[in-house]
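Going by Swiss-Prot, these are the annotated features:
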- 1: pyrrolidone carboxylic acid (MOD_RES)
- 1-51: domain 'Disintegrin' (DOMAIN)
- 7-16: disulfide bond (DISULFID)
- 12-37: disulfide bond (DISULFID)
- 13-42: disulfide bond (DISULFID)
- 25-44: disulfide bond (DISULFID)
């Protein structure tokens, strides 16, 4: 990973760049809501409304 590349892998990373904020990174299941990328991380944070 080069210095100017923010990420290499992860559900919110595409072509070594963060996916835009609001992009679904984990689809809702059962009573849980969708989880969304923040635009600042390669990780997929849990939706706070999911408990």
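Glycine too: its Cβ is placed from the backbone N, Cα and C atoms.
Projection of Swiss-Prot feature records onto the structure.
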residue	record	DSSP (3 states)
7	disulfide bond	coil
12	disulfide bond	coil
25	disulfide bond	strand
37	disulfide bond	coil
42	disulfide bond	coil
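Taking 7, 25, 37, 44 as the disulfide-bonded residues under consideration, the smallest Cα distance to residue 13 (disulfide bond) is found for 7.
Cα separation, residue 25 (disulfide bond) to residue 7 (disulfide bond), rounded: 15 Å.
Every protein chain considered, the tally of other Cβ atoms within 10 Å of the Cβ of residue 12 (disulfide bond) stands at 24. If you measure from the Cα atom of residue 37 (disulfide bond) to that of residue 44 (disulfide bond), you get 6 Å. Residues near residue 42 (disulfide bond) in space but far in sequence (CB under 8 A, at least 6 apart, same chain), listed by position: 6, 7, 8, 9, 10, 11, 12, 13, 18. Rounded to a whole number, the distance between the Cα atoms of residue 16 (disulfide bond) and residue 44 (disulfide bond) is 15 Å. Counting neighbouring Cβ atoms within 10 Å of each of the disulfide-bonded residues (7, 16, 25, 37, 44), the lowest count belongs to 16.
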